[in-house]
């Protein structure tokens with residue numbers, strides 16, 4: 001039986017992190033968690049990490065698409081925080097962001113890790129950005145590192 005699975009270490013991986021500035025009090029902690037994870041667990045060098053800042057979560061897919069189209073990166077981490085308010089705006093922003101990022105991954109055959117918090121309250125967002133519920137930016141980075149490795153391993157298996 002052949003089993004294809006990745007590991008976390010990706011010393012030579014080139015990673016783009018597309019970051020929403022909206023709700024920056026939460027998103028900056030997600031970014032810190034992602035970068036720390038890439039460096040400590042993935043052994044990714046500083047020069048192989050590029051941070052791209054965009055206004056909000058709706059802009060994440062377009063920036064991710066441009067990054068993917070460049071062919072210069074092994075994967076993309078998208079970070080943001082969409083916090084529910086009193087209008088249906090939350091549903092549109094969260095849904096379109098998720099759908100757009102998934103489309104980029106499929107269109108360019110490139111791992112795109114979804115590190116966009118979608119929470120009902122500010123407290124939930126803070127908990128998920130490095131306090132009670134861990135750091136979802138770091139978790140997104142772990143997922144990306146594994147997928148970069150899985151796809152490389154799968155490519156080798158399919159060529160044999």
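Even glycines carry a Cβ here, placed using N, Cα and C.
For the 5-amino-6-(D-ribitylamino)uracil site, Swiss-Prot records 57, 58, 59, 81, 82, 83, 114, and the single candidate of 22, 41 listed with them is 22.
For residue 114 (5-amino-6-(D-ribitylamino)uracil binding site), the spatially nearest entry among the recorded positions 86, 87, 89, 128 is 128, judged by CA separation. Contacts of residue 59 (5-amino-6-(D-ribitylamino)uracil binding site) defined by a Cβ separation under 8 A and a same-chain sequence distance of 6+ are given as 20, in order along the sequence. Highest Cβ count within 10 Å among the binding-site residues 22, 114: 114.
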